[in-house]
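Listed in TrEMBL for this protein:
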- 1-75: domain 'CARD' (DOMAIN)
- 109-197: domain 'CARD' (DOMAIN)
């Protein structure tokens, strides 16, 4: 996932040369579904827009999907269509990423989740409307108690509900922040993408 984010601009510029071919390869390798393909392959979108949406879609699907996509980018037949991709890969880069990627990515994601929750507190309080849906998830994971849940639900505005939720999330420490972040990505993916750099 980190590789896609880091090289997003380069990939947009490179793959926009033939977005439809790129989509076909991605679907043929079962990296996206037929439905994803149809949603992404919009005739009124520019090729650049299609690739941007594709990369966002892959990032949202998680690490395993991103790794499959990176393997596709390494294929000789794919690089024949998009020769610029050869700049992305040194001879041993892919093997090193495969060996170290999952562990390093997991540690990085944990740090990123807690940092995101701390950094964007004000924005999240103002912009999240589905507060009790998130509270339901936290309760089911035993990250908050029934009493905490009731206190979150008590205020009449979503902003005050979020302020109460934040008190309990911050009190719970890193593990609760990580779970809160994971739920946010699941329930409000576009908001998270908008706030992430």
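Here the Cβ of each residue, glycine as well, is placed from N, Cα and C on the backbone.
Helix, strand and coil counts from DSSP across the domain 'CARD' (1-75) read 60 helix, 0 strand, 15 coil. For the domain 'CARD' (109-197), the model's pLDDT averages out at 90.
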